[in-house]
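*Asks:* I grabbed these lines from Swiss-Prot:
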- Glu208: active site, proton acceptor (ACT_SITE)
- Asp176, Glu209: Zn(2+) 1 binding site (BINDING)
- Asp176: Zn(2+) 2 binding site (BINDING)
- Asn48: N-linked glycosylation site (CARBOHYD)
- Asn99: N-linked glycosylation site (CARBOHYD)
- Asn396: N-linked glycosylation site (CARBOHYD)
- 1-20: signal peptide (SIGNAL)
Amino acid sequence: MQKTYLLALVSLLASSLVEARSTIADQTRLDVGGSDESFDGIDGIDPNNSNVLTHKLMDKVIASSELLSLHRSLVEIKSISDNEQAVGGFLMDYLSSKNFTVEKQYVDYDDPTGKPIRSNRRFNIYAYPGDSASPGIILTSHIDTVPPFIPYSLSHPESDSFKRDDILISGRGTVDDKASVACQIIAAMEHLEKHPDIPIGLLFVVSEEVGGKGMSTFSDSRLNSGTYHTIIFGEPTERALVAGHKGMVSFGIRVHGKPAHSGYPWLGRSAVSEILPILAEVDRLGDIPVSQGGLPSSEKYGRTTLNIGFMSGGVAANVVPEQAVAKVAVRLAAGDPEDAKDIIFRAIRNAATKHRKDATVVISNGHEQPKGDIEVIFGLEAYGVVDIDADVDGFNVTTVNYGTDVPHWKIYGDNVKRYLYGPGTIFVAHGKDEALTVGELEAGLEGYKTLVAKAAERERT
């Protein structure tokens, strides 16, 4: 009797466990590999903990895909600008294992005056199949990220049911720019498997986020052979082809005052009081017409925008400030950067002398003894608007306001096509919520494959 009772109890518990697992599977189902798969068959975890089950299966989705697992490996490696050697080493090993010939190109650092400092810590990676060192098609992205490092993580929508495409991949570089790096590698591998007669090169550069030293180093080297007819640049474009982006001018303003006790301000000259009207004038240069001393606009790119991104001055509230500094980034919508510099300098000089008639405004490199009360220090990097090809059918076309490595690559030869494309949106790049979905990443791969196929057609003709 007791034995029969125990057997019945065991049977009831087993039935309840199966029912519980079935309920969880029904409530939280995930499309894996194109087919619905419940959580049945996953052993060693608590069947009543749906969060554990969900993360286990999301991890399975990533591990089952060459693209997704490569992307995860890249994002898990910290590669903030100037510290890219670890991710570079990983890529060298990965590409070598896929039968690419891989060349390492060291990239110098620059001191504050722009003088190169030799380094063997960071490097570009140039890869190609076999001995095809001068391919006609090159895919390129950058491997550095902005700070801070944010670890790789997976999450899913708050829903009883979701598909694998909905899995959200978060972390620094998931969008900018390791999504493009992963997609470009897989697109190249799939192309070469089908068309080994049309080689593809892969170029992954450092330092894009801090001035483009990686790309300019490649551009000035023997590796920039000029034999290519198509270059596909990777950046987050929401899978649209970018028809161009704004130009860039950066500058700083340094005002030299005279310190004094705050109780007797007339004995000194406040650098902060002098820089404020200058910045007010600078801030409106994109909003006023060129005829009134403003910066140009265009139908394609809209108006030129300025961002006063940094300002500091003084040492204490009871001291008249001896120095004030500001840094400004300008996104040019039209015109030559040298003309823009002239407009900016005139605006600063006019605002300064309006505030104080005897103010002296000079252009400086920022490292020599100042020859005026107010220094204008233009950055080493400056370029005008960048027009890019967008002639492949099947894509949305847009323009963007951010800078890229496109202008840093010196093009040799005629009729070279340049495309800018990639998964993810710039609106989350550089932020704490940088992320994209599995669906976005995989759709990005398909876009790269289309661009590569179009480039291959050009090579055949």
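Keep in mind that glycine also has a Cβ here, set from the backbone N, Cα and C atoms.
I'd like these features described in context: how deep, what's nearby, how far apart.
*Replies:* For Glu208 (active site, proton acceptor), applying a Cβ distance below 8 Å and a minimum sequence separation of six or more within one chain yields Ser81, His142, Asp144, Asp177, Gly214, Met215, Thr404, Asp405. Look at Glu208 (active site, proton acceptor): DSSP puts it in a helix.
DSSP assigns Asp176 (Zn(2+) 1 binding site) to coil in the three-state reduction, placing it in neither a helix nor a strand.
Asn99 (N-linked glycosylation site) falls within neither a helix nor a strand when secondary structure is assigned with DSSP, and so counts as coil.
If you draw a 10 Å sphere around the CB of Asn396 (N-linked glycosylation site), it holds 10 other CB atoms from the protein chains shown. Mapped onto three states, the DSSP output places Asn396 (N-linked glycosylation site) in coil.
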*Asks:* About how far apart, in whole Å, are the alpha carbons (Cα) of Asp176 (Zn(2+) 1 binding site) and Asn99 (N-linked glycosylation site)?
*Replies:* 26
*Asks:* Looking only at Asp176, Glu209, which of these binding-site residues has the biggest number of Cβ atoms within 10 Å around its Cβ?
*Replies:* Asp176
